[in-house]
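**Q** Pasting the relevant annotations from Swiss-Prot:
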type     : residues      : note
CARBOHYD : Asn25         : N-linked glycosylation site
CARBOHYD : Asn29         : N-linked glycosylation site
TRANSMEM : 49-74         : transmembrane segment
TOPO_DOM : 75-85         : topological domain 'Cytoplasmic'
TRANSMEM : 86-111        : transmembrane segment
DISULFID : Cys121-Cys203 : disulfide bond
TRANSMEM : 122-144       : transmembrane segment
TOPO_DOM : 145-164       : topological domain 'Cytoplasmic'
TRANSMEM : 165-188       : transmembrane segment
TRANSMEM : 208-232       : transmembrane segment
TOPO_DOM : 233-389       : topological domain 'Cytoplasmic'
REGION   : 242-377       : region 'Disordered'
COMPBIAS : 313-330       : compositional bias 'Basic and acidic residues'
MOD_RES  : Ser346        : phosphoserine
COMPBIAS : 353-364       : compositional bias 'Gly residues'
MOD_RES  : Arg368        : omega-N-methylarginine
TRANSMEM : 390-414       : transmembrane segment
TRANSMEM : 425-445       : transmembrane segment
TOPO_DOM : 446-465       : topological domain 'Cytoplasmic'
Amino acid sequence: MFRQEQPLAEGSFAPMGSLQPDAGNSSWNGTEAPGGGTRATPYSLQVTLTLVCLAGLLMLFTVFGNVLVIIAVFTSRALKAPQNLFLVSLASADILVATLVIPFSLANEVMGYWYFGKVWCEIYLALDVLFCTSSIVHLCAISLDRYWSITQAIEYNLKRTPRRIKAIIVTVWVISAVISFPPLISIEKKGAGGGQQPAEPSCKINDQKWYVISSSIGSFFAPCLIMILVYVRIYQIAKRRTRVPPSRRGPDACSAPPGGADRRPNGLGPERGAGTAGAEAEPLPTQLNGAPGEPAPTRPRDGDALDLEESSSSEHAERPQGPGKPERGPRAKGKTKASQVKPGDSLPRRGPGAAGPGASGSGQGEERAGGAKASRWRGRQNREKRFTFVLAVVIGVFVVCWFPFFFTYTLIAVGCPVPYQLFNFFFWFGYCNSSLNPVIYTIFNHDFRRAFKKILCRGDRKRIV
C-alpha cells in the first residue's frame, strides 16, 4: 500500500508501505539532531500523553467489546444461529486491528518516525488494510445475508448451515486479501544510484494512483454502495409488508406458503406449533427485522439472533398469549373453539359475558380475531419506525467512520492537496468503527444483552439462562 521512495536493494518488492527517509520534516516525522543528538517529537508531552490515553482506551474498548461478542455467541443458547458466525469473524478482525495495527500506528504517530524496520513496515501496513477491509466486507456480507433471508425466505434459510456460513466468511477474507496484497506481488526494479542518506524513516500510505483508486473502490466505495442498496431494498420490503394489513394481504404479498399461513416479515416461515386453521393460524406478532413482538418459542429461530431489534429469549416462552389467542397444547384442554359449536348448542362452562348460541360465539371470535389483527397492524407500524432508525445507525456509522478517510485518500492520489493534520485525523477516525461494531450489532439485540449479563454477572447466571 506504500511506495518505496528510497531504494534499499536491487529488485526489492514494491511494498504496501514505504520505509522512506524524510529529512528536515520535523512536524511530521521528527528529526535527528546534528551529531546524533536527541530526536525531536512531533507533539508536546501533554499532547503525547493525551493521544496515548485516547488510543489506549480505544484499543481496550475494542478488544473488550469484541471478546464479549465472541464469548456470547459461543456460550448463549439463544445465539447459536449459524449466521452469528459472521459476528465472530467480524469481532476477530476488529480485535486484530486493535492488537496488531493500532499500537504500531500509535508509536509511529507519537515518535514521529518508523522505528520497527522495513520488513515490519510492509507487514504492518498489509495487515492494516487486510483487517480494516475485512471488517467492512463483513458488514456487507451481513447485509446480504439479511436480504437473502427476506427475499428467498424458506429456500435460503434451509441452506443457511454453519458450513455455508463458514464458506462465505472464507470468501470475505479472500476478497479482503486480494484487495490488500497486490503490491506485495509486483516487483519494482530500481537503480542503486546515490541519494541522500536516511534521516528519519517513515511508513507512509501508498500514493500510487492505480492502487489508491482500486483499493478505495474495493475496500470502501463498492461495499458501501452494496450495503446502502441492500438496506434500502430491505426497508422497502418491510414497509410494503406492514403497509398492507394481514387481512387484506394477498397470497403473493408475503409469498405465503401453501395452506394460507403468512410468512414472518423477515422472510421465515410460519411460527412453529401453529397448526389450527382460520384466525388461530395467524402467526404471532413479529417485528420488522424478524424478532417476535410478544410470545416467543423456546428455541431461537435462525433469523432472530442477528437482527438488530429485540429478539426471542427462552424466558419469554411461557408468557400468556393474550386475548383472542387460544392456548396451544395441554393448557388448552378446557377450551372449545367457536367453529366447533353446533347450532343451538351453548359453549360449556362460560362466564356471564360468554357467547350463547353458536352464531354469537362465532361472531365474537371473529371480532376478537379482527381486534388482534388491528393490534398487530399498529405494532408493526411502530416497529417500522424503530427499524428505520436502526438501519440509519448501521449505515450512518459505517459511512461517517470511513468515508472521510477514503475520500481524502483518493483526493491525494489525484493531486488535490489535503492538510496532513486533517488526513491524519480521518485516518484515526476510521479505526473507531472497529470499536463501534459491537455496539451497533449487539446493544440493539435483547439476546446479546442477556448474554452479556450472564458473562459479567456470574451470580445471576441461573436466572438469565
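From the backbone N, Cα and C atoms, a Cβ is placed for every residue, glycine too.
Give me the lay of the land around each of these features.
**A** Tertiary neighbourhood of the transmembrane segment (49-74): same-chain residues 43, 80, 84-85, 87-88, 91-92, 94-95, 97-99, 102-103, 105-106, 109-110, 428, 431-432, 434-435, 437-439, 441-442, 448, 451-452, 455, selected by CB-CB distance under 8 Å and a gap of 6+ residues from either end.
Per-residue pLDDT, averaged across the topological domain 'Cytoplasmic' (75-85), gives 86.
Within the chain, the transmembrane segment (86-111) has long-range Cβ neighbours (under 8 A, six or more residues past its boundaries) at 30, 39, 41-43, 48, 51-52, 55, 58-59, 62-63, 66-67, 69-70, 73-74, 120, 124, 127-128, 131-132, 134-135, 138-139, 141-142, 145, 165, 168-169, 172-173, 202-203, 306, 424, 427-428, 431, 434-435, 437-438, 441-442.
The number of other Cβ atoms within 10 Å of the Cβ belonging to Cys203 (disulfide bond), over all protein chains shown, comes to 28.
Long-range contacts of the transmembrane segment (122-144) within the same chain, counting only residues at least 6 positions beyond its ends with a Cβ under 8 Å from a Cβ of the stretch, are 1-2, 13, 15-17, 83, 86-87, 89-90, 93-94, 96-97, 100-101, 104-105, 116, 168-169, 172-173, 175-177, 179-181, 184, 203, 205, 215, 218-220, 223-224, 226-227, 230-231, 234, 306, 394, 398, 402, 430-431, 433-434, 437, 441.
Counting every protein chain shown, 15 other Cβ atoms lie within 10 Å of the Cβ of Arg368 (omega-N-methylarginine). Secondary structure from DSSP puts Arg368 (omega-N-methylarginine) in a helix.
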**Q** For Cys121 (disulfide bond), list the number of other Cβ atoms lying within 10 Å of its Cβ atom.
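**A** Other Cβ atoms within 10 Å of Cys121 (disulfide bond): 26.
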**Q** Give me the Cα-Cα distance between Arg368 (omega-N-methylarginine) and Cys121 (disulfide bond), rounded to a whole Å.
**A** 70
**Q** According to DSSP, which kind of secondary structure is Cys121 (disulfide bond) found in, if we only use helix, strand and coil?
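**A** The residue in question, Cys121 (disulfide bond), is helix (DSSP, three-state).
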